[in-house]
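K.L.:
Before I ask anything, let me first share the structure, which is written out below as C-alpha cells.
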Amino acid sequence: WIMGHMVNAIYQIDEFVDLGANAIETDVEFSSSGKAKYTYHGVPCDCFRWCKKWENIDGFLEALRRATTPGDSKYRKELILVVLDLKLDYVYLSDAYDAGKDLAQRLVKHYWNGGRNGGRAYILLSVPVVEYYRLITGFRAHLMNEGYKDLLAKVGYDFSEDTYLSTIHDGFRNAGVRDKDHIWQSDGISNCFARTLTRLKEAVSNRDSTDGYSNKVYYWTVDKETSITDAINAGADGIMTNHPDRVINVLKDDEIKKKFRLARYRDNPWKTFRK
C-alpha cells in the first residue's frame, strides 16, 4: 500500500493517485467539544510541504466518496484505502467516546451514503495516543447500535503513538478490539529526521508471531528511495510518503518485484500476508 501523506485538500486526491498512491492519509482536526471539523494538519509538518491546506470535513468526505464509488465521474479505481489521522489536541479525554461517535456519524452520512452505495475504500482510524482508546469504542458502538454493524468490515485501527508495543496492545484490548481484528501497527517519524528500523522490525515480528496482535505494519514518512527500499525489505506492508512515484520506482527494481507488488482492491488490508 502506497499511502500518499497529508492529503487534506480535495484536489490532492487526484494529485496523489496520479503519482501512484493506492491509499491516502488525511488529517482530521477535532474541536474541543469532540466534533470533527476540518481536514487540516497545521504547523509543524513534514519538510518541503505546505502545512495549512484544509477542507470542511463533510465536504471532503463527500468528495472522497465520489472518488471511491464505481460509476461516478470522479471515480479513481486505484484508491482502495484511506488513513484518517485523528488530531485530538483540543479534545478532552472525557470526550473521546463522543468524538468517535461523531466521526462515525459523519462517515455514515457523507462517505458511506447512509449505507447505500457509498465509497468502497477501506478506512483506517489512526489514533495518536493510546489513552484516547475510547474514541474507537465510541465509533464502533455507534455503528453497531444504529444498524450499521456491517460497515465495521471496512474499518481498521491503528495507534500511532511512539511507545511500547505492549502498551499499544493494552490500548486495543481496552477499546474492545480483539487481536488480529483489523489492526495496523505504524512506526515512523517526520521526513525531517532520520530513524532506525528497530521498532519497525519489532512491529513486523509481532505481526508475524502466532501470539501477535496486528495484521499489518506501515512506516512513515519515507521519501528517499533507499529508505523506502529498506522499509519494504524489513517487511512493511505500507509506505506512507510524500512522493508515491518514488515507491513505484522502487517496486520496479528487479529484486524487489520478485517479492512485492502494489496492493489491489481484492487484497484484504485486514489480513496478514503469508509468504
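Heads up, the Cβ atoms here are built off N, Cα and C, so glycines get one too.
What Swiss-Prot records for this protein is below:
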- H5: active site (ACT_SITE)
- H41: active site, nucleophile (ACT_SITE)
- E25, D27, D85: Mg(2+) binding site (BINDING)
- C45-C51: disulfide bond (DISULFID)
- C47-C192: disulfide bond (DISULFID)
K.L.:
Which are the residues of the chain, E25, D27, D85 excluded, whose CB is within 8 A of where the CB atoms of the Mg(2+) site average out, their centroid?
P.N.:
H5, M6, V7, N8, T26, V28, H41, V83, L84, L86, K87, S126
K.L.:
What residue among the disulfide-bonded residues C45, C47 has the most other CB atoms lying within 10 A of its CB?
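P.N.:
Per the Cβ count, the most surrounded site is C45.
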K.L.:
Can you give me the Cα-Cα distance between C45 (disulfide bond) and C192 (disulfide bond) in Å, rounded to a whole number?
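P.N.:
With the alpha carbons as reference points, the distance is 9 Å.
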K.L.:
Measuring Cα to Cα, how many Å separate C51 (disulfide bond) from E25 (Mg(2+) binding site)?
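P.N.:
Their Cα atoms are separated by 14 Å.
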K.L.:
So which recorded positions out of H41, C47, C192 end up within 10 angstroms of D85 (Mg(2+) binding site), measuring C-alpha to C-alpha?
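P.N.:
If one measures from the Cα of D85 (Mg(2+) binding site), the recorded positions that come within 10 Å are H41.
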K.L.:
Would you count the other CB atoms within 10 A of the CB of C192 (disulfide bond), including those on all shown protein chains?
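P.N.:
That number is 11.
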K.L.:
Give the number of CB atoms, excluding that of C51 (disulfide bond) itself, located within 10 Å of its CB.
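P.N.:
Excluding its own Cβ, C51 (disulfide bond) sees 15 Cβ atoms within 10 Å.
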